[in-house]
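Q: Reproduced below are the annotations present in TrEMBL:
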- Glu182: active site, proton acceptor (ACT_SITE)
- Asp45, Asp84, Glu115: Mg(2+) binding site (BINDING)
- Asp45, Ser46, Asp84, Lys113: 3-methyl-2-oxobutanoate binding site (BINDING)
- 280-291: compositional bias 'Pro residues' (COMPBIAS)
- 267-306: region 'Disordered' (REGION)
Amino acid sequence: MATTVTAPEVRARKGGDRLVMVTAYDAPGARIADAAGVDLILVGDSVANNVLGYEDTLQVTVDDIAHHVAAVGRTRPRALVVADLPWLSYHTGVGDAVRNAGRLIRAGAGAVKLEGGRKRLPVVEALIDAEIPVVGHLGLTPQSVLAMGGFKVQGRAGQAVRRLLDEALALADAGVFALVLEGIPDRVAELVTDSVAVPTIGIGAGAACDGQVLVFHDLLGLGDRPVPKFVRAYAALGRDATEAIARWAADVRSGAFPGDAESYHLPAETARELGLEPHPSAPGPAEPAPGVPSSRAPAPTGSGRP
Ligand SMILES: Nc1nc(=O)c2c([nH]1)NC[C@@H]1CN(c3ccc(C(=O)N[C@@H](CCC(=O)O)C(=O)O)cc3)CN21
Ligand SMILES: CC(C)C(=O)C(=O)O
Ligand SMILES: [Mg+2]
């Protein structure tokens, strides 16, 4: 069994092999991501948009995230599971923040992520004091959507760039083991990456970061709306899934589904006892005594598939 990726191992990847992080919100998503060999799985508060049908991430609660973290954690992935601290779970005091983060760790996370810079330093320090590894998140921070006036690229003006760099340095100083940079110009992310001692993980932050993160549904083409500019879709699973269900629906309506192969058959003996025609691919004698060898039924003639 491969061992789990740890926060110190992620920290040590600064300037080394690029880090790969993807969101996952449930067990099948986590298994798919882990089988692909990603380093980190993010149980993002973007579960709000991508799974729960909300317009923004402000609607999800610690209960919601814990529920999804538990599903991901049950798959025992090799990747490090990072849980987003949702909006208002760390804004009401350091004690609340530690208790809420602790719930996500007990639900199965190996680290937590929170949004914001200098004003989050007391919380970051308290979490680290409580032995909880923390990932920072700067730039386009979706929990600030109302304050930002929309999902807008950040760090475009000189003063904003200087502030971003200062906040990144302060978070790294406080002890975050990685820093997500979202929705900032590539040159700004490069400046931050070259300045901080911890790995940067970019999303809409250009190619210079120490790693990249994307949302599962965006990467796989599972979303229901246009994706941001920074997404590259490597599959069209939403389209494929709709086509598959439509083909099945047509087979149901035409009677082509289910076929023989998808049906159970009466044992020949029972059929005869009831005066019915035995099915050509019927199994042998009904319910043979355990351990008593029975003559095998003839192999099914057709696969039952078109
Ligand atoms: N499916 C999904 N993907 C994400 O990347 C994502 C979520 N959901 N939900 C939470 C946040 C919200 N995010 C978003 C949402 C929209 C834009 C967006 O439309 N950006 C504009 C930028 C406009 C500008 O300021 O230049 C774009 O056109 O890309 C960006 C990030 C990122 N996160
Ligand atoms: C976009 C990533 C970084 C995130 O925070 C999320 O998916 O919730
Ligand atoms: Mg998030």
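Even glycines carry a Cβ here, placed using N, Cα and C.
Any TrEMBL annotation is an automated prediction that lacks curation.
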Q: Out of the recorded positions listed (Asp84, Glu115, Glu182), which are within 10 Å of Ser46 (3-methyl-2-oxobutanoate binding site), Cα to Cα?
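A: Cα within 10 Å of Ser46 (3-methyl-2-oxobutanoate binding site): Asp84.
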Q: Ten-angstrom check, please: count other Cβ atoms within 10 Å of the Cβ of Asp45 (Mg(2+) binding site), all chains counted.
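A: The Cβ of Asp45 (Mg(2+) binding site) has 28 Cβ neighbours within 10 Å.
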Q: Across all protein chains in the structure, which of the recorded positions Asp84, Glu115, Glu182 has the highest Cβ count within 10 Å?
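A: It comes out as Asp84.
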Q: Just name the winner among Ser46, Lys113 (the binding-site residues) by count of other CB atoms within 10 A of its CB.
A: Lys113
Q: Which state, by DSSP, holds Ser46 (3-methyl-2-oxobutanoate binding site): helix, strand or coil?
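A: Looking at the DSSP assignment, Ser46 (3-methyl-2-oxobutanoate binding site) belongs to neither helix nor strand, so coil.
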Q: Hey, how far is Asp84 (Mg(2+) binding site) from Lys113 (3-methyl-2-oxobutanoate binding site), Cα to Cα, in Å?
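A: Computed Cα spacing between Asp84 (Mg(2+) binding site) and Lys113 (3-methyl-2-oxobutanoate binding site) is 5 Å.
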Q: May I ask for the distance between the residue listed as 'active site, proton acceptor' and Asp45 (Mg(2+) binding site), taken between their Cα atoms and rounded to an integer number of Å?
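A: Answer for this pair: 14 Å between alpha carbons.
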Q: Same chain, not part of Asp45, Ser46, Asp84, Lys113: whose C-beta falls within 8 angstroms of the C-beta centre of the 3-methyl-2-oxobutanoate site? Give them in sequence order.
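A: After dropping the recorded site residues, what remains is Thr23, Leu42, Val43, Gly44, Val47, Thr57, Ile65, Ala83, Leu85, Pro86, His137, Pro142.
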Q: Among Asp84, Lys113, Glu115, Glu182, which recorded positions lie by ligand 3, judged by Cβ under 6 Å to any atom?
A: Asp84
Q: In terms of DSSP three-state secondary structure, what is the assignment for Lys113 (3-methyl-2-oxobutanoate binding site)?
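A: Once the DSSP labels are grouped into three classes, Lys113 (3-methyl-2-oxobutanoate binding site) ends up as strand.
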Q: Which of these binding-site residues (Asp45, Ser46, Asp84) have a C-beta closer than 6 Å to some atom of ligand 1?
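A: The qualifying binding-site residues are Ser46.
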